[in-house]
């Protein structure tokens, strides 16, 4: 029978378990029991997790224990189940099902008791005193109110649960122990009365030990407690008997002496075992609730608080000791071996009595410490632990589970908000123990504070009112005085404003006076400048007349004279007055006896005959002594002007810079003007007449026809520095006038004399090079510096070397000379010296700093070297070493790169200690006249005047003012425009100023000595495709918006696209390669599918309606197709059936002999065997009879006609194979293709728009829809077809892919059409051509074009290596079979000399026309023997023609000033969109808006607009040039335009125009000197 269980006691135990776990969870979560509700049954997930993590969950412990049972117990249970003796497993599972309703009932009873106690407490009188707190409790500590509250629920059976928020606890283990200790202390305190109170939060339950009712109730309950104690014991024993788990656990507990049960803390040490939980709960109840020997009544419970002190050292009661299991004591008996004593000293006295005491003497820590240190450390740790515990209780610190650390609370966490209620300052037990007196006193204190605050506020208000009244009366008392002060202050402000206005007015008047004064000074300076210019022209005319007297002492052969005269005649016919001015002497009639401009104008208006009659008396002066003295005086004047180069260069430079930087200065000093060349001119009329006479007698002209051995008194033509005249006037004047040649004895020592060719020079000089040597020698003789500005390719290097050789041979001046050149031509100069003048000691100064230091060692010794060649970069870097050495000649190659006079390089070179200076440049004029002035000032920086003052060559502002505006006017209006007199005079004066210091000869000047150069512009019409693409691009809305936007980058991109269209349409839009559109299925497939579908539907029931001819015997049988009559007869005769018949009869006889068995008996094996044998024989007999029947049937078949008759009467297709028509129609496929090859080549030109992929399979019949062949046959045929070569490959390729015809490459482009004609003419006449283009892709098109026409060509572009260029050029020059050399204008110019070609073709023009100029010089240079023709292709009515028109205007500027041929891309800053597009430009684009305002980023922007290959080629070309540019790069500010200052002056004049009478009075007052 099942044991009888005490369910009531088990329910109480369950209730106690739930109360304890709930309290434990509350303490763990909130660290105190404030607001703790004992009736709250927590079912939250956090509560369940808490129990499971700490092994306090009963259900999970039972499940785990069941899983951990041993195999023996399982076998025992299984045996009990089988035998039926064991109880059903449902008893175990239904324990909690029966207990839980009783637990709910216990909760409801407890709730009723609490409610009744609360109601009785409310009826008590207020006079009852509250029992004081026992002495063992801690002092009152203010505990802050928790921030968060958990809502708990008071649970009753059948009622809802009300939840409260409770504070969180940090240390569950410590709180549990403290709870048990506090229970024991409280039980000890209340042991005399046995009164247990129930605590709750709202309302708090008060202690009733002092009331009589409480005493009587306690006595009644004491007897009940004893009886219930015995009941609890009996019920506990009963539960243990009924529950095998508890019983086993108790046995386990007794067996394990180490298993203790300490104050309920075993709930945390049970390792999730439910049996231990129940056992521990029983022992916990006994030890915690019954410390005095009595059992607590079920009606009331006492719950402890964590705020009470711990008392771990109190002895346990007898009951507690009984409840604890006995401990096993282990005693260790160690029998130590006896000591071997050989000496009395070996006897050791034991320090410890036993091993245990010895082991206890060791105290282990992280470090080895003594016992005293260990004890002190333990005390400190206990003190620290106590402080931590107190901190936890008082809320000063908290535990952070995330970081596993203790954290202190900050003041902000502890202090409540200002508007919040004050926190509870006492514990939850003590906050309800205030008496009425306490409340009364507190209320009195509060009211007292309120009265004091009210009193203070009223006093403050009264004080504030008194202050307001006092201030009011003070304000009334000082009103008069304040009014006087305000009036005085107002008057002062008015006086100050009036004074400031007057001062401002006088300041403006002072500025106006300074401006007017400056205008007067400027006007005076202009007058003085004109005076200085006139005097400078006189000096220039005198110097030039002396230089150009070379024919008086020159003994040229007659051929040279004829060539010179022929050259002069050509110049006269061309009407180039500038070249005539350069080759002829200029009369000094520009400066008359008074030296004024009016006289100059009168002389310029006279004809040559009138001038001759006017100055006829000057030709009669023959006094040689006077001429010698005058020439000596002139020489002394010139020497004095040119030798004083040491004092005032800095003054002049600083003066010019100060004028540029500070344009608004109060006063501007007088500029020296051009007095550098004319300071020592005598103003006496007689001297001037003598000078003019001298010039007239000694002047000479190179360009006239005449024989030196002819008439002695014939004088040469002398052209005045008058404005350019028409061609007819020049011809008439030159034909009518002749002058006599002066004798050599009367030659001026300053004149240019013919010098011998130095013996050190190897090689032969050309005539113009010999004239250049004479000019350079005259500069040295006259102690003058100069600029050799011959065009590139005329041999400036050899002329310079010949000058140095002349100085060494004739003047015995061996240097040292300094030659500064760009880095790229440094070695080239050294090689030229070794080639033409090997007698010089040349020092090439380059290398690392150490190498240069080695080269400088000993260079101060005499004749250490004769010539030093270095680069601009190194000469500036080592300028201190070069400045210490005295140089005879300083020669600067490519001197136009020092055009910036503000740069440190210009100033450093200017200060070198040199006797003479020579500048070599091919492009002396760049963008403005300021750069030309910088070169001239570099030659003559300082000049001495008569009065001892020193001044520079000329002021930059004056130079710009004299020549800048008239020259700009000529460029803007054009060369053919009729110029006014002032402009003509200015240009003539500029020529006169430049002529003494500049020798400039173009290739056209020496065309008799060099092959001619002819430029042709070929205008090409656009093809139809080009015109369509060009117009389409221009008509796009996006293009119009881009051009109207004014964005330079967008406009350049548009221009680049237009240039691509002009060069070739394939650059803009490639002609496509057409292919057929390929689809998978053909049209026939869909038709066949539809046809098959319709056919199948129509013949769906054909077998039902059709007639079978075979059944009607209207068809030949199969015997007639296979058998003949003879075969059928022979088969019937030869059939073999006898063996089969014999075997059949034998088997039948055998079967008849045996008695048949109808029903076999399976019990008899013999009878069953005979039955099976009989059946087997019958089966064989049936098979043999069927075989005999089939044999007879097949052998006895007879055909109706026989196959022999059918074949005889049938006409087959093989009979037509051998006929001639059949042989023609069945030719092989290869034969057909070969025969039709010509047709295929001619007519297979149209690519079908669409092709299909299934035509081949359909033609063969192996497509999917064809049922003619089986699938295996189809696969076999397809594999065989794929392995065969396709005979239609060529035809299919021509029909599927349509490549553009090669001839379209030429006919799509107008330039290539013209080029084809031009190349054909050139090749027929034996010419060779260079074709230049800017774009690399055009070179690819040109390659295709030349390959199409079969020309032999070579190619050189930016990708060609530098070392390969020389190989290509040498091969082209040496191999006449190569007709064309195509080059990129960006391929660089170092080491390229293509004199083997005599034709240059510019397919397109470069952005920078200087590149085109350099490309021309590769062919037209020294070494060329034939005339060079230059063809420039320009697309008509396009952007190219407009760009060329604007570029020619820039070229004309060079012809006006110095006749140079170089210009840069700065014309983009001058052009507008309408200038480039012409009539095709949109109407809404402004006319005068330039493309680009700033030129700094022009090259970068152009590179971005070009293709990547072209940009790379340009970059590589610039990288080569960059070696030279690094020598000339300077971070200084560029020279300012001269026009800017003049514009500022005009603006300043307009600013002060139109003054009132007051302002006029003020200005007069200042002017009279009364202001200062």
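One is the number of the first residue shown, and numbering goes on along the chain from there.
Including glycine, each Cβ sits where the backbone N, Cα and C put it.
Lifted from Swiss-Prot, the feature list:
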- 61-94: region 'Disordered' (REGION)
- 82-94: compositional bias 'Polar residues' (COMPBIAS)
- 119-291: region 'Disordered' (REGION)
- 179-192: compositional bias 'Basic and acidic residues' (COMPBIAS)
- 216-232: compositional bias 'Basic residues' (COMPBIAS)
- 238-269: compositional bias 'Basic and acidic residues' (COMPBIAS)
- 282-291: compositional bias 'Polar residues' (COMPBIAS)
- 304-323: region 'Disordered' (REGION)
- 424-496: domain 'HSA' (DOMAIN)
- 555-604: region 'Disordered' (REGION)
- 558-568: compositional bias 'Low complexity' (COMPBIAS)
- 569-583: compositional bias 'Acidic residues' (COMPBIAS)
- 590-602: compositional bias 'Basic and acidic residues' (COMPBIAS)
- 624-675: region 'Disordered' (REGION)
- 694-705: compositional bias 'Acidic residues' (COMPBIAS)
- 694-749: region 'Disordered' (REGION)
- 726-737: compositional bias 'Basic and acidic residues' (COMPBIAS)
- 777-942: domain 'Helicase ATP-binding' (DOMAIN)
- 790, 791, 792, 793, 794, 795, 796, 797: ATP binding site (BINDING)
- 1314-1464: domain 'Helicase C-terminal' (DOMAIN)
- 1505-1556: region 'Disordered' (REGION)
- 1511-1522: compositional bias 'Basic and acidic residues' (COMPBIAS)
- 1543-1552: compositional bias 'Acidic residues' (COMPBIAS)
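Features recorded in Swiss-Prot, as mapped to the structure shown.
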residue: 790; record: ATP binding site; Cβ neighbours (10 Å): 22
residue: 791; record: ATP binding site; Cβ neighbours (10 Å): 23
residue: 792; record: ATP binding site; Cβ neighbours (10 Å): 19
residue: 793; record: ATP binding site; Cβ neighbours (10 Å): 19
residue: 794; record: ATP binding site; Cβ neighbours (10 Å): 24
residue: 795; record: ATP binding site; Cβ neighbours (10 Å): 19
residue: 796; record: ATP binding site; Cβ neighbours (10 Å): 23
residue: 797; record: ATP binding site; Cβ neighbours (10 Å): 18
>> Is it possible to list how many residues within the domain 'HSA' (424-496) are helical, extended or coil according to DSSP?
In response: 60 helix, 0 strand, 13 coil
> Per DSSP, residue 797 (ATP binding site) is which: helix, strand or coil?
Replying inline: helix
> How would DSSP class residue 792 (ATP binding site) in three states?
Replying inline: coil
> What is the average pLDDT across the domain 'Helicase C-terminal' (1314-1464)?
Replying inline: 78
